[in-house]
């Protein structure tokens, strides 16, 4: 195993633990600069990423490296470095290194500058050249989405404008976005393409208002031939951003410029989305990227094994695909870890040998299939009340307390934002969700009955 293979395996793990936007923002353009006798240096593109990874993800990165290499990490540091000298061998001493001391962010001795934070939002996310139509594995569940994306790439601004691609996490929506951009760019290098997440669009808009650069913002987003926006569902609760996106949409559509939007759900299911914006997004073509079936999952694994030049027996591929079924990202994450571990140990993978690795992804796989509505349903049934009661305005204690538990679990288990929690619970204010979370968290410290209630609710939520 070399530094590149190690870091790819680490990234595969980290991608499962954080949101796609978060992963792109903080882990992009990072690599292992050095691995020598338990001392690891991670190269990062700037001091902002250096501080953030050190403060927020140090322990996860450290533990992941130790799990993959089966070696203790004596020290883990982050260094601003942009030149990647390519894969380097891992230098490991014979005796085991001592476990590192707990990390303290004070070791860095600096705070990211406001000027950098401001300018960071003006960058454009790079199109991944590896995400093409040729590398997209087509199955029954995604063939319509693939065909529609291909049609847009062949005739941008045509019938399928806008193209709205929706589906669960890690099913290939972003891959199709990049594939469209890559195909159009391949045919014409003069095409102006802009790919951003909804979060980036929102931040750009806010910064433009604060700095009085509204014209620059409009020029950037309206003087393009192809606008690709990922995770549009995060526009909910942001009236100003919705207003600006509505006008941006109209300006581009009137000029027959192609718009492609991705979301985890169709427009009419995005709570808090303005009706006029919902209508615009449904003008063209709506396509669902469904969960791949078993054969498609096996085909995806086979494709990845070919790309990585690491063949696996079909019984191993079948086991992985049968165990991890919710999304492609987790499938690839498990495969990356299997390859990394066995390359490092110099062993040929066996079915029994890979089972513990796959098992570490299995429980997480089940958890991530739960939706807010399923959680609301489970809690309602547990307390023998109706969903309408939960979403209603009554403040009776028998309804208010289960409602607070739902808010707590939406935040704790699903990492939902407070505004989105308020929206899911009948359009309540985000401060109500914040209060509910704090109250339940405080009660859980000493209330054994509440602890038992939550344990039973989560058991029902993740096993039925």
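Please read every residue number as a count from 1 along the shown chain.
Any Cβ shown, glycine's included, is placed from N, Cα and C.
Listed in TrEMBL:
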type    : residues           : note
REGION  : 1-96               : region 'Domain I, interacts with DnaA modulators'
REGION  : 126-342            : region 'Domain III, AAA+ region'
DOMAIN  : 159-314            : domain 'AAA+ ATPase'
BINDING : 170, 172, 173, 174 : ATP binding site
REGION  : 343-464            : region 'Domain IV, binds dsDNA'
DOMAIN  : 371-440            : domain 'Chromosomal replication initiator DnaA C-terminal'
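Positions of TrEMBL features highlighted on the structure.
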| residue | record | CB count, 10 Å |
| --- | --- | --- |
| 170 | ATP binding site | 22 |
| 172 | ATP binding site | 27 |
| 173 | ATP binding site | 26 |
| 174 | ATP binding site | 22 |
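For the ATP site, the Cβ centre of 170, 172, 173, 174 serves as reference, and the other residues of the chain with Cβ at most 8 Å from it are 167, 169, 171, 175, 176, 262, 289, 327, 328, 329.
Residue counts for the domain 'Chromosomal replication initiator DnaA C-terminal' (371-440) under DSSP, helix first, then strand, then coil, are 50 helix, 0 strand, 20 coil. Helix, strand and coil residue tallies for the region 'Domain I, interacts with DnaA modulators' (1-96), in that order: 45 helix, 21 strand, 30 coil [DSSP].
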